[in-house]
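Q: As listed in Swiss-Prot for this protein:
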ACT_SITE  E322  active site, proton acceptor
ACT_SITE  H323  active site, proton acceptor
BINDING   Y127, Q188, N211  NAD(+) binding site
BINDING   S234, Q256, H259, H323, D356, E410, H415  substrate binding site
BINDING   Q256, H259, D356, H415  Zn(2+) binding site
Amino acid sequence: MIVKKISKLNEKELDIILNRNKTNISGILPTVSEILENVQKNGDNALKEYTKKFDGVDIDNFKVSTEEIDKAYDKIDSKVVESLEKAYENIREFHEIQFKNLNEWEIDKKGIKAGQIIRPVEKAGCYVPGGRAFYPSTVLMTVTPAKVAGVKEVIVTSPPNGTEGNPATLVASDIAKADGIYKIGGAQAIGALAYGTKSIPKVDIIVGPGNIFVTAAKKLVYGEVSIDFPAGPSEVLIMCDESSNEEYVAMDFLAQAEHDPNASCIITVTSEKKAEKIKERILMEIKTAKRTEIIEKSILNSAIVIGSIDECIELSNSYAPEHLEIMTKNPREVLKSIENAGSIFLGNYAPVPVGDYASGTNHVLPTSACAKMYSGLSVETFIKKPTVQELTKEGLLGISDIVTTLAEAEGLFNHSEAVKRRLN
């Protein structure tokens with residue numbers, strides 16, 4: 001772990017921090033491309049082949065039955081079900097307000113009406129990771145905004161748990177009102193959603209995080225379908241000053257570090273003394289933490305850097321973190337200068353896990369500095385905004401000279417004539 005003043009970071013150290021473990025998919029593109037081509041050509045037969053190869057099971061029917069969903073409720077703790085239901089309510093409420101703040105509008109000027117309307121995509125596919133662990137919270141985060149946006153058909157794909165679906169994933173899908181759940185994962189699931197098979201419908205957009213093969217597949221099918229954004233290892237930047245609580249900072253650091261050996265955790269702090277206290281607390285907490293094998297690897301991707309609050313803000317904006325915690329004396333004042341972040345957590349009582357599960361905001365967020373150009377998953381992800389225009393003859397006359405002049409300048413004489421014929 002680097003512990004150093006921002007002003008003293010050399011070019012290599014700064015590059016390690018800013019260009020953290022970005023997902024390099026070039027080496028697996030031929031393999032993923034072959035999988036996608038096979039799924040496109042052979043449909044369900046290809047899916048069965050890859051499920052046997054990668055998951056070690058034979059599945060004839062990928063769609064989860066109503067009976068299987070009903071049984072799933074009996075297989076998980078009732079408190080987990082209750083927590084999923086409560087989390088769903090918060091997530092749904094947040095995204096409903098988000099949807100209400102999307103506006104259709106129209107201007108009316110001299111015989112020209114021009115505006116924008118809002119329409120959802122027709123079908124959405126939500127990929128939910130599996131493998132080492134299953135993530136029912138990701139079901140809520142992907143399905144809920146799609147349903148709120150008005151998507152007619154929202155389906156979930158997730159790797160099988162043996163020959164069945166993971167019970168918590170099935171329950172979460174039912175709570176979020178998914179229209180279909182399929183026991184299929186990996187690049188082959190992305191291919192099924194992009195091209196459609198006999199059993200799995202083709203969708204218009206694919207959302208949700210996944211491993212490097214899923215990320216590569218999403219990039220390759222983009223254009224055939226829309227996607228949310230590329231996803232990489234999870235990351236957090238925690239901004240601190242003298243007022244910050246070292247215990248809270250250390251625990252939030254470990255909460256991120258336990259995600260993945262490639263997770264990145266950066267702490268910016270305004271004093272060297274505070275930086276040392278935070279480092280000591282982190283090392284102390286690691287001794288009794290769970291998932292230490294993962295934490296000890298991800299800590300190699302981490303740093304504590306010291307600088308003025310302005311230097312810390314500048315570094316944060318360059319880093320563009322997936323999660324940004326501002327644990328300073330006046331977090332809302334710092335917020336005014338933040339340009340790039342996936343989701344922002346203010347003050348001592350807003351750790352990243354609340355956004356991961358229950359505050360209502362979405363946890364599917366851009367990583368690897370993609371927050372410079374992407375927002376997190378939202379109802380807008382599933383929305384199209386067609387523009388509309390209606391002109392009177394007087395309105396057309398008022399702009400006809402502009403249209404005909406520019407059309408003819410570009411050599412598009414029939415464009416010009418289409419206007420002139422209406423005015424003759």
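Glycine is no exception: its Cβ is also placed from the backbone N, Cα and C atoms.
Set these features in their place in the structure for me.
A: DSSP assigns E322 (active site, proton acceptor) to coil, not to a helix or a strand.
Long-range Cβ neighbours of H323 (active site, proton acceptor) (same chain, at least 6 residues apart, Cβ-Cβ under 8 Å): S234, E235, V236, L237, Q256, A341, G342, S343, F345, V352, G355, L365.
Its Cβ taken as reference, N211 (NAD(+) binding site) is surrounded by 19 other Cβ atoms within 10 Å in the chains shown.
Neighbour list (H415 (substrate binding site), Cβ cut-off 8 Å, at least 6 residues apart, same chain): V403, A407.
In the three-state DSSP reading, H415 (substrate binding site) counts as helix.
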Q: If you measure E322 (active site, proton acceptor) to D356 (substrate binding site) at Cα, how many Å is it?
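A: Here the two Cα atoms are 12 Å apart.
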Q: Tell me whether Y127 (NAD(+) binding site) sits in a helix, a strand or coil according to DSSP.
A: strand
Q: Using all protein chains shown, find which of the recorded positions E322, D356 scores highest when you count other CB atoms within 10 A of its CB.
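A: Of the recorded positions E322, D356, the most buried by Cβ count within 10 Å is E322.
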Q: What does DSSP assign E410 (substrate binding site), in three states?
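A: In three-state terms, E410 (substrate binding site) counts as coil.
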Q: Whole-number Å distance between the CA of Y127 (NAD(+) binding site) and the CA of E410 (substrate binding site)?
A: 45
Q: In Å, how long is the longest CA to CA span across S234, Q256, H259, H323, D356, E410, H415, which the record gives as the substrate binders?
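A: Value for the max Cα separation, rounded to a whole number: 57 Å.
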Q: Q188, S234, Q256: which of these binding-site residues has the sparsest Cβ neighbourhood within 10 Å?
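A: Each of the binding-site residues Q188, S234, Q256 was scored; lowest Cβ tally within 10 Å is S234.
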